[in-house]
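Trainee: My structure is below; once you've seen it, I'll send some questions.
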Amino acid sequence: MTSQIPSTPTADQIRRAPKVLLHDHLDGGLRPGTIIELARAQGYDRLPETEPDKLGIWFREAADSGSLERYLETFAHTCAVMQTREALVRVAAECAVDLAEDGVVYAEVRYAPEQHLEAGLTLEEVVEAVNEGFREGERQARASGHRIRVGALLTAMRHAARALEIAELANAYRDSGVVGFDIAGAEAGFPPTRHLDAFEYLKRENNHFTIHAGEAFGLPSIWQALQWCGADRLGHGVRIIDDIEVAEDGSVSLGRLAAYVRDKRIPLEMCPTSNLQTGAAASYKEHPIGLLRKLHFRTTVNTDNRLMSGTSMSKEFEFLVEAFDYTLDDMQWFTVNAMKSAFIPFDERLAMINEVIKPGYAELKSEWLFQQTATTSDSSRRTG
Ligand SMILES: O=c1[nH]cnc2c1ncn2[C@H]1C[C@H](O)[C@@H](CO)O1
Ligand SMILES: [Zn+2]
């Protein structure tokens, strides 16, 4: 019999637990201090604050608008300072280091190369700079005792018309650090089928892609992403809840689309705090991830934009532990789900699960078991 560890993990255990992150934007995760330094060095004078703590708060509050469109406006400042090779290398390296220090062992970090061309870089130079930064960050993390592997996802902006070009770029770099493709940006009015040529190209190339869908717009967006475009995963996908009915007696019935998503094991890249900010969910307790996890959808936990949401993988798990009483077993379930859904080869995913994730959780659980015996024998000595 496998034991179910009932304890609520502490913040320290959550941080030390191995975590896997599939949905994190490079331009949504800069350190506030880095933005300020890069802005000074580059003569960018439009930052709303020039002191790191205040700038961090400004991003969070500005992103707290309840609207995806207003949330996205804040990226003008981060993209503005990510236009040179040096800036991109630095931001990518710091991203890998910050994730590793937070206990993330595998991450797929996305960005839109087309948003980093203003100072004259080519698309290829952008990809190479970010790759160099990720490799540098992995090295720095290893030197300070953390292990992380970071793959890049290339995003095309859904309001623009460069998706095929970016898909070709992702394909060209698939053996050099880029593990897949994505589309992002305002969802309403920009359905995924606008970029069908890019998705069809990637399918012909046997390549992988995820699509932001079912975040600000509902079921039609998810349906198109899966049934027209053939997405391997859904970015957010939170609105799949609109196709699930819970009756007063607690019985649950799934519509055809929700059943398809669950039965086909389509990974949902859920980002709770981001969803609260853009109005896709009202509170952590009411976030659909609770029900979706119970119903065995292939749910994963993600950060989306650590800067705009003032979050980290550990914080997202802390919020969920608080809202749903999750245990280390639940955390491991989400983490294994995420690793299974990654875009790297199957044998490498399996090795991460068996050699890194499971042993990491086993160690944390064994600490808990020893604490239990210590507490029990202490109290039996006292009472005996
Ligand atoms: O949650 C999101 N939904 C849609 N688009 C997003 C989200 N977070 C970030 N983006 C956009 C803004 C970034 O500039 C772009 C590439 O990372 O992706
Ligand atoms: Zn996103």
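Using N, Cα and C of the backbone, Cβ positions are placed for all residues, glycine too.
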Trainee: Can you find which of H77, H116, H212, H287 TrEMBL lists as binding Zn(2+) at the same site as H23, H25, D304?
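Mentor: Checking H77, H116, H212, H287 against TrEMBL: the Zn(2+) site match is H212.
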Trainee: Out of G185, E215, H236, give those recorded positions positioned within 10 angstroms of D304 (Zn(2+) binding site), comparing C-alpha atoms, in sequence order.
Mentor: H236
Trainee: So which of D27, H236, D304, listed as recorded positions, have a Cβ under 6 Å from an atom of ligand 2?
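Mentor: The ones that qualify, in sequence order, are D304.
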Trainee: G185 (substrate binding site) has how many other Cβ neighbours within 10 Å of its own Cβ?
Mentor: 18
Trainee: From the centroid of the CB atoms of H25, D27, G185, the recorded substrate site, which same-chain residues not already listed sit within 8 A by their CB, in sequence order?
Mentor: L26, G28, L72, F75, C79, R110, Y111, A112, Q115, T155, A184, N305
Trainee: Do you see any of the recorded positions H23, H25, H236 whose C-alpha is within 10 Å of E215 (active site, proton donor), and which ones?
Mentor: H236
